[in-house]
Amino acid sequence: MASSKSKVAIVGSGNWGSVAAKLVASNTLKLSSFHDEVRMWVFEETLPSGEKLSDVINQKHENVKYLPGIKLGENVVADPDVVSAVKDANMLVFVTPHQFIDGICKKLAGNIRQDAVGISLIKGMDLKPEGPNMVSKLIKDSLQIDCCVLMGANIANEIAVEQFSEATVGYAENKPTADEWVRLFNTNFFSVSAVQDVEGVELCGTLKNVVAIAAGLVDGLELGNNTKAAIMRIGLNEMRAFCKMLFPSVSDATFFESCGVADLVTTCLGGRNRKCAEAFAKNGGKRSFDELEAEMLQGQKLQGALTAKEVYIVLSQRGCLQMFPLFTTVYHICSGRLPPSDIVRYRDHVNISAL
Ligand SMILES: NC(=O)C1=CN([C@@H]2O[C@H](COP(=O)(O)OP(=O)(O)OC[C@H]3O[C@@H](n4cnc5c(N)ncnc54)[C@H](O)[C@@H]3O)[C@@H](O)[C@H]2O)C=CC1
Ligand SMILES: O=C(CO)COP(=O)(O)O
């Protein structure tokens, strides 16, 4: 007889992907409605030792490259083949840098269980010539599955050592499925709640990375706390305006959840986008974000600079750059068209034409 237990697979194994696997795997051991084993797809790479990353994860139960020093749990099994990693699972957790998800979905289409559901932890958007698409929608449409999102003030390294934080699950209509995701992720140090606003939750997680770049520039320029707070406030307003422009149904209450103001604050204080933007400003904009990412993040990926470009393209297409002067200025600084110091002159730059 087929088992009615749910089986979980994690699509991704970077910094947050590894922590998500650890969180979920601690719960599948405790909750009888889940199979113990959690399969985690690893984008395979060869370590300096000559060993394959997936082999090392399975031997040491640790992602030595993206989450060193943290045990994932013996029930996390690394699999370098994405189709094999998901084939038995009915709960799929997507957690890769956003630039890779389209290609991954193309590989998975037609290769997942009929009864599968998904959740996206990916902060970023998918941009097609016809316009912006949310990552959860891309997953939903390409795999024909229900797809929730989980976003929040979730710096992975802090959750890895079990420091208290919160997260928000966003769902469209299917509350029972959202509740199942909450059950899978919630722990005594990771407090998860669900709201019926999938677009609002996902766009908050996406757009705060652009504001984090602005906050990092302020840090690099040593402009102080008041300036940084001002940039965060202005950024939050632009986040809200952008959300409402794309999806008028987005609720103001969503901005007060962990996925909203809390994620904005933690990312502007301690995230990777902030850190690289600080270095960018300290170098006077002479070293690109790609160079700084490669040098400072040991293979981890920034989402903010790419998202700033994607947001800029959406705003240009819609002819509303002037309504989003901070987002526009962040893009021009990231692309080298304006100096980092112009972050506080953002109001002067709303009429710059596209590159
Ligand atoms: N790290 C964090 O603290 C948090 C990250 N997030 C979000 O989660 C998502 C994933 O982030 P992380 O897990 O931190 O990843 P990461 O930033 O550690 O990225 C590296 C991952 O990308 C993979 N990769 C590299 N090239 C690839 C390719 N061509 N195709 C497929 N995969 C490739 C690497 O193997 C590695 O698993 C992002 O959208 C991020 O914004 C959300 C909350 C917290
Ligand atoms: O999303 C994050 C925290 O919630 C992490 O942000 P960074 O990618 O800037 O580190």
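Placed from the backbone N, Cα and C atoms, the Cβ positions cover glycine too.
Noted in TrEMBL for the protein shown:
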- K208: active site, proton acceptor (ACT_SITE)
- G12, S13, G14, N15, W16, G17, F43, F100, A156, R272, K301, Q303: NAD(+) binding site (BINDING)
- K123, R272, N273: substrate binding site (BINDING)
- 7-174: domain 'Glycerol-3-phosphate dehydrogenase NAD-dependent N-terminal' (DOMAIN)
- 197-344: domain 'Glycerol-3-phosphate dehydrogenase NAD-dependent C-terminal' (DOMAIN)
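For ligand 2, the binding-site residues lying close by, meaning a CB under 6 A from one of its atoms, are R272, N273; the full candidate list was W16, F43, A156, R272, N273. Proximity to ligand 1 (Cβ under 6 Å from any of its atoms) holds for these binding-site residues out of W16, F43, A156, N273, K301: W16, F43, A156, K301. In this structure, the CA atom of W16 (NAD(+) binding site) is 11 Å away from the CA atom of K123 (substrate binding site). If you check the binding-site residues K123, R272, N273 against G12 (NAD(+) binding site), none has a Cα inside 10 Å of its Cα. Taking only the Cα positions, the spacing between K208 (active site, proton acceptor) and K123 (substrate binding site) is 9 angstrom. Using a 10 Å Cβ-Cβ cutoff, G14 (NAD(+) binding site) registers 22 neighbours. For N273 (substrate binding site), the number of other Cβ atoms no farther than 10 Å from its own Cβ, over all displayed protein chains, is 27.
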